[in-house]
């Protein structure tokens, strides 16, 4: 048993190390798909259609596609790199919970990752991470890939080469949202060209441009369908004010203390300022008056807290 446990731990360590090593490869892969798509939509199909002026209707359609494509692409890349380069949230040095925070987080210590705090071993409701050797704020989890505790951790995403946590979860959702819109637009824009591949007529273009168009359509269709599933899942998580990890941990819990209603749950992720809802940033006012956006304090239902004590 001891040997098998050691081998398993070693395999997990190697897996986490491999995920760290993906790093720039995943970013280059994303940029590669964007490049292929840009070449197929702008340089091969709708750019020439707009310039040639073959017909006013065709020119208007090409203009609409190109404007929409570039606007969504800017928002997609802005959201993507915001997730990549934004720290998801780290535990402040020497952090200690207030009394209310100690009472608000009652996650059971069921794995070897957690243990009683040496500084407060009499309080079983204060969580302690043995790997980081520090106390853990409410809704905080340890990421084995990043090697540290992350505030309100949702998951570690290889596509963004970063953890998704309290400080970049909104940016991740916007990345999914704009990716779905962009890939859907590209799929619909390239659908006539894709259908033409299976017709008997002659298709204009070189073998290289035709192959690029075909690959761009297939890639974007696949991404649109897969991202739609993730987007629906995360919309449901936001509506319940929970994360992917918490949804798994509380699967047997009938009530969730952080569920404050869909409107307040949404505001804890996107803020109160409607002008910032669809851009990867927060207003200074929201950051000042909403502690939940900093990942350390989360309001909860008092009636649920009282039932647990």
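Numbers here mean position along the shown chain, with the first residue as 1.
Including glycine, each Cβ sits where the backbone N, Cα and C put it.
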Annotated stretch (region 'Disordered', per TrEMBL) among the listed ranges 68-94, 95-121, 122-148, 149-175: 95-121
Range annotated as transmembrane segment in TrEMBL, from 210-232, 233-255: 210-232
Positions whose Cβ lies under 8 angstroms from the transmembrane segment (171-198), at least six residues beyond its ends: 37, 40-41, 45-46, 65, 68-69, 72-73, 75-76, 79-80, 82-83, 86, 154, 157, 160, 164, 210, 213-214, 216-217, 220-221, 223-224, 227-228, 230-231, 234, 238, 269, 278-280
Close approaches to the transmembrane segment (61-81) from elsewhere in its chain (Cβ under 8 angstroms; 6 or more beyond its ends): 30, 34, 38, 41-42, 46-47, 49-50, 160, 171-172, 174-175, 177-179, 181-182, 185-186, 189, 278-280
PLDDT averaged over the residues of the domain 'Palmitoyltransferase DHHC' (126-250): 92
